[in-house]
Amino acid sequence: MRRHGFVAGFLLLPVAVYLVFVISPYVQAFQIALTDWRGVSSGLNFVGLDNFRRMFGNDSFWQAIRNHAVLLVAMPLATIALALAFAYLLNAPQGRPVRGAGFYRVVFFLPQVLAVAVVGVLFKAVYRPDASGVINGALIQLGIEPVGWLTDQTLALWSIIAVMVWQGVGFYVVLFSAGMAAIPKDVYEAAALDGAGRLTTFFRITLPLLWETVQVGWIYLGIAAFDGFALVNVLSVEQGGPDGATTVLATEIYKNAFGYSRFGYASALGVALFFLTLTFAAVTMRVTRRERIVY
Amino acid sequence: MSPNRRDVLRGLGLAALATPLAACATTGRSAAPTPTVTAAATSAANPLGVNAASPLEVVIFSGGNGDKYAVDLHEAAYSKTYPQSKLKHVGTQKVGTQLRPRFISGDVPDVVNNSGPEALDLQALVQEGQLADLTPLFEAPSLAFPDKKVIDTLVGGVYENSLIDGVPRVLQYTVGHRALWHNAKLFESKGWQLPRTWDEFNALGEEAKKAGIALFAYPGQVGPFYQVWNLVYTAAKIGGNKVIIDIDNLADGAWTAEPVRQAVAAWAQIQKDFGDKAYFGLDHTQTQVKHLQDKVLFYPCGSWLENEMAKEKPDTFEYAIAPVPSVTGTDAMPYEAIFVGVAEAFFVSAKGKNPQGGLEYLRIMLSKEGARGYTEQTRNLTVVNGVVDGLNLTSAVNSAAKAQEAAGKNIITDARFETWYKELFDYSQTQTNSVMAGRITADQFCENMQKKADELKNDSSISKQTRSV
């Protein structure tokens, strides 16, 4: 009992901070979602499920959901595939890693230390639609028509996904590298003795033994796919455009709360986002659950 | 018995549970805090009944015009009149973020310059009874012209623009001109004339194309509303100010009216024939820099443009304003008509500690020294008539003043749906980008806008505003 008291004493402050700054805003968001609060009064006027009804009938909401679906599939897939490939090349569990592996490791990780806003501004220059843009400048030099990376409806979301992948890949290279380093060498030696090639080794040995790390990575990336606010805000035209092609729930929340002072409706969107994220995490855990391999 | 450790821990646990409740953003129904000071008796020297000892807090949006003018001019003058009053100045770029919690808690500043991207929603504030009635201010004797009432010293449109639900609540302080900006020196060196008709506009477009200049561009990434303004002002030119008034009143068929369709189609044609799609992806600063480099001939914007670009402007560039060319031969307004409107909102808190002082502060802003000094420091004209004689103004302001003179009574009115129904305004920006890029036709633009306007009209949770002029 004495020991428990001691531990609890240490936990009190962090738990209190967590309750005040995380749990209580969550609870309040649920409460405000049932009101027509406009952000400047101290009283709340309850309107039942009106905000949710409005939300389900709103095109922008469904557009954001569709964009999240694309993000949710494409972004983690691309990031994990690239990160696995890079990590495998850098570590090369059997045989020698590529030359300058240490250098590449730093290069891959570099975008991770940049603030998202910085990345956004950086890519604004990369995607700039005229001759001053990094990509379009080169295209124009080559005599190719410049591309509206962010103004073309069919391209805009993919351009933003590319930035997310670019920024995220370094972290997962490090994560997977650590996972690969933990796989005992003798497993690889045994595989090599049986005549397994690099590709077979990767799919039969590395990937299965790395599965839990990949699963964690997938959940992180999935949750990141439900965000995307900062990049969309800085990069996209008319905040989530053209014609809503890049809008995400967070953008809609921001617009409704701080643009139209409809905090009640914005909170309802927030509640939807909360359940979506939660559902995603739960489903992923269940679907990717496998028997744990102990080595 | 002294409390043992377990009791203390239990107490702490309870405190931890209690804090989230105390940290709520909303505190349930609370009574409106009443102003803590009572008004003093009114007199000729103190027509608004300011209590000399009450403190005054002023919040100024520190954007393009900074907030120094307020400290130097208006606050200094207030302190001189009421030396006992403790004056607090707050300069901020985040008006909403900073003030929202204060309006909830009831500890509100007295005067607020509600500007910038985070400006507070005035309708929401009025619904909560947070804004003071400005009638006493408008009826008080002017400091600039002591024999006149304040309202009679101001340009037309200030009173109409101050009304929310029929009561004056907000003072717009500056006057601005909006139309097509161009480089007067470039026109001179090329020997070009300002186009007065749409045919001349197209002909000039061909000339400019030969010189490698885009006839027209607006920033599609940040600032497509410059083109929204341009479209509705052009529509008003074709069909008269009634077009804009109908749009603001959410009248049936306001957006599908013929003048709106004609204006949108005309501009979409200009974009298609003489524009450059790169500008759909550029922000306002990038576009304005290219304008200064003579890569764009006409740029739709307001008279703050020269101040905004002062640092980048080369000597070869001289800002001048041009009216939008007449689209049809039967336009309701002549070629000279341009937009002249008021901007830069100030309000006084009804539930502040010193509402009378707040009104008095606005009266000082509208004094001769206050208004003239503001123009001197920020190069913006104020709504006070006849106080800037002999001031050295920028070429843009001079050009705008000349254009206003030429326009005479043909002034295009301001579109108020921009602040009344911000959602409709945001939607008009995405639709404008769509129609200008050729993704939709002018007809579809009108239909989409009408549908959105009807949606808002039928939404009972949005409070409606109306205007007659």
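Note: Cβ is positioned from N, Cα and C throughout, glycine not excepted.
Annotated features in TrEMBL:
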type     : residues  : note
DOMAIN   : A:65-284  : domain 'ABC transmembrane type-1'
TRANSMEM : A:69-90   : transmembrane segment
TRANSMEM : A:102-123 : transmembrane segment
TRANSMEM : A:155-175 : transmembrane segment
TRANSMEM : A:209-232 : transmembrane segment
TRANSMEM : A:263-283 : transmembrane segment
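Note on the transmembrane segment (A:209-232): residues 68, 71-72, 75-76, 79-80, 83-84, 116-117, 119-120, 123, 160, 163-164, 168, 172, 175-176, 178-180, 183, 187, 239-240, 246-251, 254, 273, 276-277, 280-281, 284-285, 288, 290, 292-293, 295 of its chain, located 6 or more positions outside it, place their CB under 8 angstroms from a CB of the stretch. Count of Cβ pairs under 8 Å against the transmembrane segment (A:69-90): among A:102-123, A:155-175, A:263-283, the largest is for A:155-175. Long-range contacts of the transmembrane segment (A:263-283) within the same chain: residues 26, 29-30, 32-39, 47, 51-52, 54-55, 61, 68, 72, 219, 222-223, 226, 249-250, 252-254, 256-257, each at least 6 residues beyond the stretch ends and with a Cβ under 8 Å from a Cβ of the stretch.
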